[in-house]
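One structure is given below, encoded as structure tokens.
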Amino acid sequence: MKKQLNVSAIKQGTVIDHIPSTALFKVISILKLDHCKDMVTFGNNLDSNVMDGKAIIKVENRFFKDKEINKIALVAPHAKLNTIKDYEVVGKYVVEIPDEIQDIARCFNPKCITNHENIDTYFEVISKSPVALKCRYCEKITHQDQMEIK
Amino acid sequence: MNAKNLISITDFSKEEYLRIMDLAADFEANPDQRLLDGKVVATLFFEPSTRTRLSFETAINRLGGEIIGFTDSSSSSVTKGETLHDTIKMVSNYADLIVMRHPLEGSARYASEVSDVPVINAGDGANQHPTQTLLDLYSIVKTQDRLDDINLFMVGDLKYGRTVHSLLMAMSHFNNPIFNFIAPPELAMPNEYKLYLQSKGMRYFEHTEFTDIISEADIIYMTRVQKERFPDPVDYEKVKNVYILRNKMLKHTKDNMRILHPLPRVNEIHTDVDSNPKAYYFDQARNGVYTRMAIIAHLLNLK
Ligand SMILES: [Zn+2]
């Protein structure tokens, strides 16, 4: 095998690249790819010049809206998307942390209602780099190093 | 669900603060206004707080409303594992307004999203207690006849004390406040609030000693220094007697100066202050009833 990704090419759909290896399964879960009927292939711990180990996901026949894909920015801030049609790359997109985040991260505050009752979390993103999230409920700020993905 | 709520002090605009002040003065002048006649108010105290509950229930009674609710969740269905969601859904079918106190932070905001009727936050853990802040504002405007140009001294636990943080946010809506913070370094005003004041171009000064600098004060807002805030009990022992206000310290204070305290106090205001006309903390508590009448009337559009 040469320096080629061990994940087969797709005819049409989306390739999500530059995902940190540790975030692969979180990305799958955030995008609910574990529940979709389309063909999903992924590879993990692939060589990368940019990261220690990276993962890639290919989803046949799926095209994501910006809003949908930006949800993964919290766990994969450098993820890149290639949109494929007829085996050709027809579009590129780099994810961006949205201004509001619904139900992806946990509030770090153990006394927050969201950690005691089964409800969605909502955060206002008050800083993107490093990430800082203000909880709509307890009003406390969760910083990047305290962040946990639900 | 477009009900008006009061969850956080930042939910209200300056205009709304002023309207509450006007309504409170009106209720103080004419306390017998049966505006809640035929209406039901639920007071849901998921943790006990006798002072706040009595103040709300007095306000509701004076307005002629009926009260349902509980004073302690151990005597209600909550202990049977009912979620907050279900409790609020049920109660909002019965009541025209919900007043709630809950030990978890954010619980009141969540309740307001679930409820079909307005929700007043009577304290959600260490987070918010906006009716306290509005009664503090009413006490300031009543004693100073203005909310602009107030020199406000805050003393004691400025780190964890939610009342001082909310009051700071509220006062920052008015012109030229001067803030003076007196606290041990362990309990100093958090940076975020100082940065907030800087961003609004407002003046503040920090002190660790409680001395004659208070002669410039219009308002001295005292708070409890609580032992459980200190990881090391030795640190508490060092500061516990430093931030006590005594009558002799008031000699050179201004005539208009008044002392506020959210109560209950422990030892931070010596009892020899109580008979000084500048002691205002018991009147402040009575102002709470008029302020809460005003908040209820405002949220339910009764006036
Ligand atoms: Zn929270």
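Even glycines carry a Cβ here, placed using N, Cα and C.
Nobody curates TrEMBL annotations by hand; they come from automatic prediction.
Worth saying up front: this structure is predicted, and the values here are computed from it rather than measured.
These come from TrEMBL:
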{"type": "BINDING", "residues": "B:Arg51, B:Thr52, B:Arg101, B:His129, B:Gln132, B:Leu263, B:Pro264", "note": "carbamoyl phosphate binding site"}
{"type": "BINDING", "residues": "B:Lys80, B:Arg162, B:Arg224", "note": "L-aspartate binding site"}
{"type": "DOMAIN", "residues": "B:4-140", "note": "domain 'Aspartate/ornithine carbamoyltransferase carbamoyl-P binding'"}
{"type": "DOMAIN", "residues": "B:149-298", "note": "domain 'Aspartate/ornithine carbamoyltransferase Asp/Orn-binding'"}
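The Cβ neighbour count for B:Thr52 (carbamoyl phosphate binding site), using a 10 Å radius and every protein chain shown, is 20. In sequence order, B:Arg51, B:Arg224 are the residues of the chain that are 6 or more apart from B:Pro264 (carbamoyl phosphate binding site) and have a CB within less than 8 Å of its CB. With the fewest other C-beta atoms within 10 Å around its C-beta, B:Arg51 stands out among the binding-site residues B:Arg51, B:Arg101, B:His129, B:Arg162. Neighbour list (B:Gln132 (carbamoyl phosphate binding site), Cβ cut-off 8 Å, at least 6 residues apart, same chain): B:Thr52, B:Gly123, B:Thr163, B:Ser166, B:Pro262, B:Gly288.
The Cβ neighbour count for B:Arg224 (L-aspartate binding site), using a 10 Å radius and every protein chain shown, is 20. In the three-state DSSP scheme, B:Leu263 (carbamoyl phosphate binding site) is classed as coil. Under the DSSP three-state reduction, B:Arg101 (carbamoyl phosphate binding site) is assigned to strand.
Helix, strand and coil content of the domain 'Aspartate/ornithine carbamoyltransferase carbamoyl-P binding' (B:4-140), in residues and according to DSSP, is 69 helix, 25 strand, 43 coil.
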